[in-house]
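See below for the structure under consideration.
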Amino acid sequence: MASLSCSSLADDSARAQQPSATEHSEPSKSYFPKRGQSLELVCESLAFKGKGLCKVADTGFVVMCDRALPGERFIGRVTRKKGNYAEVSKVKTISPHWDFVDAPCEYASYCGGCKTQNLSYEAQLRAKEQQVCDLVIHVGKFSTEELESLNVMKPIVPCDIQFHYRNKMEFSFGSQEWLPRGSLSEKQDSNGSYALGLHAPGFFDKVLNVNKCLLQSEPANMVLAAIQECWRDPQLGLSAYDVHSHAGFLKHLVLRTGRDVKTGLPELMVNFVTSSYKPGLMKPLVEKILSIPEVVSVMNNVNTSIGNTSVGEEEYTLYGKPSITEILRGLTFQISANSFFQTNTKQAEVLYRLIEDCAGLRGDGSEIVLDLFCGTGTIGLTLARKVRHVYGYEVVAQAIADACLNAKLNGINNATFVQGDLNKIDESFGNNFPKPDIVITDPNRPGMHMKLIKFLLKLKAPCIVYVSCNPATCARDLDYLCHGVREKNIKGCYTLKRLQPVDMFPHTPHIECICLLELC
């Protein structure tokens, strides 16, 4: 990777992010395009979430366009104005973007999963690294000189495997197949109105029929193809759930890939999510997929609610065992149909090694680790054998149960996992564990609640390792922890020592970051 250089586009990109650092005033002479108006635009860079950042000629007014890539000249139609920028939809490409490559997936132009598949991987990495840099400067309020002179910002860590890296994919059954305009609808063989695939971007009720996904394992694709062959057969009496009428039987198909602990060979869990429990109806589908040797578990989650979730109120084992296993950093983890596990196992190995490096363990097994938003305990458990004790907190009860099970499975006795909502802590939080030497926090996309920020500033642990899946909220929280919140009379007490982006999900806009904070 080339050395980091924060571009002049950083201001524009950061203004278009959420959350914003401050409210910017709009230039008095800016040109505000109207809704429905068509503009000729050139994409200058990628902003967070993978949207293309463009400027209106002569005025510099910022517009954002989904699926526009750097260097691409195109016609865009204004869909809406949002504060100090507008959103446009791409109507026609005039000339292609820089670093163009042919997308290997036939669904890449229509599916919402791999928006940058036709951008070279090297260019994807540059864009992601730049986005993190822009956000930590303009939302986190760290100066470029500070980042460069102290060598804080590290080059992004690439993912060695760019396809077939996901160990979990969730497909939806739809009562109406969505056929986008263009070449895909001409190529597709229509098998009636029912669909099994992925949701069209921005729609909860439109399903793009998918016969193969290049992000999941080959055995999982074999299962998907086998089900696609037969499930629409009228003689089977199966129906797709309709999200409007709430009628129909099949809701989701969730495929999870793990590894047999003894042989290291892949093993597959197939989870059918249905609106009711009718094992007789499921029997032909189960028999069909059992011809695939990697299938060791077939589950049925029954979800009777009108919602679109894939988690059922009841769970039944239709074949085999109720869980599969995976190996991560020498530990064995049991994965049930609804348990959380890192989606990219191989890159999770890299991520967890970097977390341990940031933690800077002394090697004498003396440290106390506080693991916030611990999920199923994977991070804490990979550190447990090298520290004195790990205390993990997580709001999801099933995740805590899985964490305790995983600790027992691996013979780890120095880890305590507690269910609790870290967004609702009070003054008593912290009374049930000793002062930690290391805090690891891995919040979900909204980042940390101010109550937790205040607790950490009062706790003053020597080291915080902040793991984030959302660089925007991460940058905001780094600002609070390091610089404080002046309007609330809160003083920061940490120094940002290292910021390491990691690409966990190639061809998508998602970025993972590991941040090392040390007490001033």
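We number each residue from 1, going along the chain as drawn.
Glycine is no exception: its Cβ is also placed from the backbone N, Cα and C atoms.
TrEMBL: automatically predicted annotations, no manual curation.
Which of 1-32, 65-96, 417-448 counts as region 'Disordered' depends on TrEMBL, and there it is 1-32.
Gln342 (S-adenosyl-L-methionine binding site) sits 12 Å from Cys469 (active site, nucleophile), taking the CA atoms of both as reference points.
A Cβ within 8 Å of the Cβ centre of Gln342, Phe373, Glu394, Asp442, the residues given for S-adenosyl-L-methionine, is found for these other residues of the same chain: Phe340, Asp371, Cys374, Gly375, Thr376, Thr378, Ile379, Pro443, Val467. The Cβ of Glu394 (S-adenosyl-L-methionine binding site) has Phe373, Cys374, Gly375, Ile400, Ala403, Phe417, Val418, Gln419, Gly420 as same-chain neighbours under 8 Å, each 6 or more residues away in sequence. With a cut-off of 8 Å between CB atoms and residues at least 6 apart in sequence, the same chain places Asn444, Arg445, His510, Ile511, Glu512 near Cys469 (active site, nucleophile), listed in sequence order. For the binding site of S-adenosyl-L-methionine, formed by Gln342, Phe373, Glu394, Asp442 according to the record, the largest Cα to Cα distance is 16 Å, rounded to a whole number.
With a 10 A radius on its CB, Asp442 (S-adenosyl-L-methionine binding site) counts 21 other CB atoms from all the protein chains.
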